[in-house]
Structures are given as structure tokens and as C-alpha cells.
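Feature annotations, reproduced from TrEMBL:
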DOMAIN    4-125  domain 'PX'
DOMAIN    155-214  domain 'SH3'
DOMAIN    225-284  domain 'SH3'
REGION    288-389  region 'Disordered'
COMPBIAS  342-355  compositional bias 'Low complexity'
COMPBIAS  373-382  compositional bias 'Basic and acidic residues'
């Protein structure tokens, strides 16, 4: 067994808590050397105390002896009064701080002080009780890092229901039973969603969850038959008729990204479902995606779940592969077909080819005679003309 270390620290957002008194805690997703992912909660005062201790442990790298040797990033001290606006504005600072910290030499980035600080504590696993009068308000970091402080209100976590029993197969996943109601913290494109329920947190396949108000997933985008270029980073052999088999390293186009992690891809004129976890955008680094595959693998499809029990009478709407294929072929034919010139445009094209420099000028109508003008003009104009003569 290798040494314990942290691969990555990501700031998810912060919570506004009211017990025992109002305060704010930051949510971190910590990925460890065994690819396990844990969510921990830390106050800013704790983070600042950790920072001060780190400087004492490494005085040279902290610049205490010579400022030019400093490599440990700066962190502003806590304020006397920390309100919500302050908590929001610190998110960018904390993201930069821990990104810089993880890039330092291993004697700092893998020191016991850092590892102990991010180990899961009992309070990290303790969720609000059902009898709590005022529950925490969760504020998640926006995807656009440039707008990290543009959060106007609490983000209410979406609630979903489990349609079948799911038994976790790794330490990062969460077991759910039919009818369990979970709060979704993060929806990954891979089809694995990070959920929390009572005293548990972990990844759950999106295919095992359904919205409470409708069987349809409102966030599923529309198909994009223009396609996006991707490359397969792992081979997959089709199990269902509507899936497609591909080898590693094949170039394909994604025409529909579905939230359950099974995307519709196009190879030539053929289409079919393929695990999004086995795909990587063309030209991007594949090492991180391959580590994620080793950690969890592709989620199961909804069609393979036995004894699924939905609370909705009608099933969710899904296009058939025949529809995808027909629409895709029609789109590709239109894209390949050159535009047909009309009869007028063909004549003008011939004129342009015979005299490329000459441009057709609009015809100028002949000037009408004075008698014709007087005959067609209004009575008021006639009176004005008569008065000037």
C-alpha cells in the first residue's frame, strides 16, 4: 500500500448554518490517492489557523527568513464580522490558495498537517436533523469561475427519488433503496450524481433517480445534429440493440448529451448510445478521464434496471435510434448538398462570369412631362403652382 496523499482539492461552495448560531462553512471535495472522493466542511477561521501553522512548519518557504524565498501562498486574515457577502467573495481566494498549495513540493503538499486537516471528521458526516427549525442554506460555486461572487441567493438542492435498490460497489458511492428521497449536490456529465441523504453522502447513478414532479428530466438538452468531435478512450461492446460498439481511439461525433451519462453518438451514418465516461473531447488530455474510469466505471442504463418502480404513470420521453438516425442522415445530406441557384441568380452568375468587373446598374425611369405632372398631382399642388406663375 502506497503513501497517503491528496490528488486534488475542489471548492464546491459554502453553507450558511444557524446552529448553534449563524456561521458559514466551506464545502470541499477532496480526492485522495486511491481516487476516493470525500466532502468536508471547514470554517474560514480553521483554514486560517491551518495556514498559520503551515507557515511555522516551513519558515523558509513562508518567506519569514527571506521574502524572496516565499512559495507558500498568501491568505488574508479573518474579519471581525463575516457576513454572506464576505463568504461569497472568499471563494475565489480559497480556490486560488489551495490550487497553489497543491502545486508546491511534496514535502508541503503531502505533509501530515495538510492530510490531517482534510481528513473526514464526524461532524462532516452529520447532516441537519429533521426536527431542526432552520436548516442550512447551500450556495454552490458557479461553473464560470469569473462569476464566483455573483451568487444572489441560496441554491436549493434538487430532490430526486430512487426508483430501485442500488448497492454501492466502491467507497465513494452511496447505497439507496426504492423510494429513498435524496438531495443532488452535483450532476456530473458521466451520469454519476453526488447525493446526500440523512447521514449519508456519495455518488449514485442518475439512471436510478427520477424527479418528483415529472418523469421527464427538464435539464436534458435538445439533440445537436451538427455534432461535437470526441475520441473514445476505452473500447465498449454494445449490450443493447440501441447501443454502438467502438474501439479505443475512434473519432466520433456526439449528437445528444443526456444526463444519465449515456450519450447518442454518430459514426458515419450510424448512431447509438455510448457511455460518456469513455469519451474525451478531441485534443484534450485523457489521463484524468481514464483515472475516473478506474474509480467508478460507466453507470448502468435505465433500461437494464430490474424491478424499477416509478411514481409517474407515464414513462419519460426518449427518442428512438431510428429517429436519431433519420434526423442525422437528413442533416448530413443537407450539409453535403450544395445550394441550388434559382433562375434569376443563374442568369446573373452568367453575366458576372462574362464581365466580372461590371455590376448591373438599376434602370432610371424617364422624366414625365409637365402636362403629365399637372394631370396627376393633387388639387392643392395645382393651386400652389398656379399662384407662383
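A Cβ is built for glycine as well, from the same backbone N, Cα and C atoms used for every other residue.
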Going by DSSP assignments with H, G and I as helix and E and B as strand, what are the residue counts for the domain 'PX' (4-125)?
50 helix, 28 strand, 44 coil
List the helix, strand and coil residue totals of the domain 'SH3' (155-214) as derived from DSSP.
3 helix, 30 strand, 27 coil
Quick check on the domain 'SH3' (225-284): DSSP residue counts for helix, strand, coil, in that order please.
3 helix, 29 strand, 28 coil
